[in-house]
Each structure stands twice: as structure tokens, then as C-alpha cells.
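Visitor: Checked TrEMBL, it gives:
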- 19-90: domain 'THAP9-like helix-turn-helix' (DOMAIN)
- 114-248: domain 'Transposable element P transposase-like RNase H' (DOMAIN)
- 277-392: domain 'Transposable element P transposase-like GTP-binding insertion' (DOMAIN)
- 464-498: domain 'Transposable element P transposase-like RNase H C-terminal' (DOMAIN)
- 559-718: domain 'DNA transposase THAP9 C-terminal' (DOMAIN)
Amino acid sequence: AGRCRPEQRRRTVPSILRELAEKRQLSEETVSLLQAQFSDLPRELHSWRQMADYSPEMRQFACLLHLYHIKAYDYLRKILPLPHPCSLTKQVFIHSFIHSECISSWLCNNEAAAGFSSDIFLRLQEKVERGDQAYRYCTLLVQDVSLQKQREWDPHTKQLAGFVDLGAGILDADEAPLASEAVILMAVGISSPWTAPLGYFFVNSTSGHFLAQLLRQAINKLNNIGVVVLAVTSGASACGAETARALGIRIDPRKIQCTFQHPPGSMHSVAYFFDVCHALLLIRNALQCLQKVEWLGDTVWWQHVVELAAWREQRVLEPCSPESGRAGSKGSYHLKVNPAALLFSEGVAEALEHFQKLGLASFQNCSGTVKFVRLLSSLCNVFYGRGPYGKEPLLAGNHTKISSLFDEAKSFFVNLTDSVGTYIIKSKRKLGFLSFLLNAESLKWLSSNCMCPEGTPSPHLHTHAFSLHPLEQFLRALQQACGSSGSPTCAVFQAAYHKLLASCSLAPGSLHSASPWDRSLSRRRELTLGSIRAQYHPAPARTLAPECPYSAGLLLPSSALSNALTDLSLHTQSLACTAGWVAEQLALDLQCEACLASLFEADESRLRCRTVLYIKKLGGVSLPSASVHHITSISEQVLNRCGKIGGASKKTKLWHLALEQKVFQELLGESPLFPTLTDHLFEGDLSINNHYTVLVKEITRCYLNIRTNPAPHLNLKYPCGRHRLKRLKGKHSSPSPLGSCQSS
């Protein structure tokens, strides 16, 4: 390729670009952009003979053409001595006893500039060279985020910013489009939960062919430093499907090709996954649009899900039965559906069955819906590494069960039809179902072909590494660093990325969510019963609950006189009801099913499912769980010891933080709180901001805010409730606030 024939020497780069446009291998728009951006490129072919002498513009031209137009690049390589695609990202490390110098490749940059991060690859290589086997195998994740189009002047680089940048230089010609998206790549450990952000790329638009080229370059770079990529994960979207096809993946239910060769034609294969959460959203959309689907005599009805999600808290009579152990006539309870419950979960399946057993007309004949929900729940347990399969579902003992489950799912999905008999797997609503079939084949292939150096199947294959969750956690942290909820500009994105990269650790579990109060992804929230309820029954503007402790007359501002005149049992009941009101306020925003259920004192003797809750009530307020009541009790004790409440000098943020600190000090060393949330406590390698710890902090803050700022919580539309005080005082005389309260 380095020699040019006589007829080739007369050709110039602009003439070759025009030839490519005539052959429709390049669009006229692309040719115009290339000519405008690279107007100073050497025209004569002999100037391209020595790659070592390529100017930055020549390198940028080669990289751009390779990533966006691989066929045009291959055609040009027959004429010009352009580098082999693998060498575009080849990274060479020169070691000496004094220093280690990194000669970055054309698509690599130091610090946090666009392109592959040289520092991250160097750190990964060091871990591999030290013999750390946890860093030998990984999954490669890819996702794009939207950017705000804006041309800006960068005073540091003294260049215009906001344009397309693939790591080889900014395309800043007057005709060049502004960047509208950033593509982020991340490597995630398969046997150990480490994460490594590999780099980002500013683009005007993404296509499957572009992402496929970018992924191949990332795999090359990781292979060069000794890290083996076993799988690639993208979103279950049109672009994700195009990327899969561009890599050689075949998504056909009759014959699924779940792997692609890299390098092409080699013996090494890489599995492909679609993000499970994305696939579930597509299936939910399909069921919602079709309203019902059928499978070998069973019918799945969307209306069953709508009725369950729309269920409002109701006081329901329960017929007494010998099994219940309750003597006498009918009892009563408050039945509540947990809005944070995930649609495709075992809890929702049990809830549908339970409502059917209660004889509710809306839930009769829901066995098909239950079967559908339960099947998807079981599949999620495998791909998320939870439930009966544990964090490592590919252990030998689970192989038979998982294979049977995948066979059942395939039989189910390929036979699903709509109301007119059209197979869903062949309709426009097929991608979600095909995604699960592809993921199942990829997981089976990995379990059979993923071998350790010793030649034995790896016992440590964590399936959660095949989802986009780690990358989306990083993107939420990035959004918080950007300082706004909207799309950032290129300059803001770059500054935030630089900030995160500076504190990035490749240690397992080092990446934590930027918003610990809601670690659930936005797409995951769209799969909750609460999101479905909001679609059909939009909630009105939030107002103060009529049963606010103040409006009920239960909680009085602290003073020596009021404390002296208040009956101790009434004060105890008042505290319990205030804690219940705190639980109700926090439940409005919680997106975790387990956390929401843990806030209330629920009667688990009827049903242990967290999706359906039997809530005890007192004076219209839900009674809190023992843990919530204990936290508020400690908070009240701290307030009483601190003297005045609500004084002008006591309303500073520093004073509130001091109160919170005292409460936490009181709680330390006592019996564990929230016994049902033990798993949450150990999430994130003992992160200080996991669900468990943040729940304690939010309960404390909410209670202290109510007690120290009573005015905003007063609702004068409701009476002070003096008669209710008398009734409560006479009815609840026991000093135990939770043990003495009956279901009202």
C-alpha cells in the first residue's frame, strides 16, 4: 500500500473524495465538511507516504474517516499509506528505571479531553502487569447523553469549543456542525465490581456503524494492555440494534448469532447484550399499546396492571377464617399498594393473585397476567444476579434451572400474539422480547466458553456487569457535577468529567451513585406501579395532608407548661402519629420498594409481599415501623435536651446539622434499625450513602424540620381537633405507642 502507481500519482486527495461521493461511499455533505475542515491537507499523494510525518490535521482526517466511513477509509488505504485501523489506537509504553513515558495514540488524550483516556489505560495496564486477575476480564458499556448545542470560547485552550471532537482534534470549521451528544465508554469487571471510564467523544449524531467502530477501537486498546473484553452492552434502542448488526450480531428468533469476532476473522469472540432495563421498558410499552396478548390459551391483560397501580388505600373488610386465627366477626385493615414496586416483579405477581383471592372483580381471570409477570421477574433475577440465583447465577448448581427458564421464555415469546393473531416477535413491538432472547443466548455462550487460565469455567461471573447500571451511575454523578438537571454544554461536560476523573478509583465498588436517596435509574422508575398510576391518574399538586400532626392537635410546640399539662400517654401517642406522618411524607418520593415498606408498621401475618401492605392507622395517620418511631423518639430527646426550639438564633443550618449529629451519636451502638434492609446496609462496600444510612438521615431531617419549623406545617383549614384529643386520650392509655394501637 506504500507504493503509488503512475496513474495514482496524478490524483489528489480532493479528487479522491469527489470519486467517493460519486460512488455514494461519502455524502456530498460529508465531502463539503472534510474539504472545509481540512483545506490545508497536502493534495499530492506522495506527501502521505510516511505516517511518522503526518501532521495533526492528517491524523485527524484519518481518524474521522475511519470512525464514520469505514468503507471509504478502506478504499483510501488502497491509494494512500494510511495506518491499519488497529494502529489508530495502539498505545506504546516505554519503561525505564527513572520514569514511564506514555506515547499516546491518535485517539488518546491526557487528563479529561475528548477521546480515550491515556491515564485510565495506563492504570489498568499496571494492575494487569502486577498479576491482578480481577482486571483481566471485563464488559464494555456504551451510552450517549444529550448536549446543549453552544459555541463557546475556551480561555484555557484559546480555541472555540462546542464542536465535534473524537480525540484527534476539534472540527471547528465555519461549516462544521455543533456537537449534540457525548458518547461514553466504560469497562466493568466481570469477576469483581470495578469500573473504569475509558473516555468520551463529542459527536453531532450517533449511528450504529460509528458506535461499532468505536467499540472495536476500545476492544483493541484493552487487548493491547492485557484486558480481555468478553461482552459488550448497549441500550435496547434503534441505535443499539444497528450497532449490534454492524458488529455481526444476528437478532432473529429462528437463529440468533449472539457473538461477533474481534478482530474480524479471528478465533476470539465477544458476546453482545442489550440492557435489561431498556428491554423491560419496551415490553411494558408493547403490552400497554396492545392492551392484551395471548399465548397458547392464556391471556395477558394490561388492565390488570392498571387496576393494581390505581388502587388507592382503602379500608377493607376481611372475612374471618379458621386459618387466620381471628375469632369473632369481621376484622378491618387498610390495604395499600406500594407505588415503588416494580411492574415485572414477584411482588406484583403475588399482589395480583392476592387481590384475586380477595374476590375483587377487577382481578378475576388474571392467571395469564400473573404468569407473564412472574416469568419476566425470574429472567430479571438471573440478569440482575438476585433472588434464588444469588449474585453469581452461573454457578454449576443453577445451570439446569436457568436453561429451563430460558427455554420457557423462548417458547413464551415466540408464541405471543396480539388480538388479531399477529406474532409479536414479528411485529414492530418485537425488540424488547428479542433483547431477552439475545441476552439468554449470550449468557449461555459465556457460561460455556468463558474459561479461566486454569481451563475451568469461571465461578465468578457477575451478571449485573452486563447491564448499563454502572455507566448510568457514573452519568448521574456527572450530571450532579455539571450543577444542573438539563443538558450541559461541551465545556460544562468536560469540566465535570475532569472533576470526576481526578477522583476516579479503579478499586471495586468505588463508583457510588451521585443521588443516594434514589439510586434507582430514571428508566427503572418508569417501570414502577407509581409511574403507571401517574399516567392514568395524575396526582394533583401536593398539599399538606389533612391529618398533619398539627392539624390533628397531636403534636404541640415544646414548652415547660405544655409538657407539664400533657398526659404522658397522649404525648407518646402524639409522637407515634408524628413519626407516622414523617413516614407518609417520605413515602411520597421514595423509589425503593423495600425502603418504602420498611417505613410503616405492616401486618405481615396476612401477606409478606412488599407490594401489598396492610397498614395500621391511628387518627387517620399511618403508624410507623418500630425503627422510624425509634429514630423520631431519639430526635425528640435530643431536642428536649437542647432547650429552646425555633428561636431566631436556633434556625441556622449549622444548628440543624449539630442536631442531626447528636441524633446519630445517640443511635450509634444501639440495636440495628430496619431489620428488613440488611442488604441495603452492605450495598456499595459499606458506602456511607447507601439506602440504609440515607434513610436514617432523611427520617431525622424530616422530623427535626417539623419540630423546629412548625409554621410551614400548620394547616388552618382543619380544626384544632380538641375533641379528637379527648377521644385518643381515653382510648389509648397504654404507655407503649406501637403495641397498644389497634388498626383503626
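Including glycine, each Cβ sits where the backbone N, Cα and C put it.
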Visitor: Please indicate, using numbers and ranges, the residues of the same chain that are 6 or more beyond the domain 'Transposable element P transposase-like RNase H C-terminal' (464-498) and have a C-beta under 8 Å from a C-beta there.
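Guide: Answer is 111-114, 138-139, 141-143, 145-148, 150, 152, 154, 161-163, 165, 179, 182, 184, 186, 188-190, 193, 195, 197, 200, 202, 231, 233-235, 273, 275-278, 383-385, 391, 439, 442-443, 511-515, 519, 521.
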Visitor: Looking only at the domain 'Transposable element P transposase-like GTP-binding insertion' (277-392), what is the model's average confidence as pLDDT?
Guide: 83
Visitor: DSSP-wise, what's the residue breakdown of the domain 'Transposable element P transposase-like RNase H C-terminal' (464-498) into helix, strand and coil?
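Guide: Each residue of the domain 'Transposable element P transposase-like RNase H C-terminal' (464-498) counted once, the result is 26 helix, 0 strand, 9 coil.
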Visitor: On the DSSP side of things, how many residues of the domain 'Transposable element P transposase-like RNase H' (114-248) fall into helix, strand and coil, could you say?
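Guide: Summed by class, the stretch gives 42 helix, 48 strand, 45 coil.
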Visitor: DSSP on the domain 'Transposable element P transposase-like GTP-binding insertion' (277-392): how many residues come out helix, how many strand, how many coil?
Guide: 62 helix, 21 strand, 33 coil
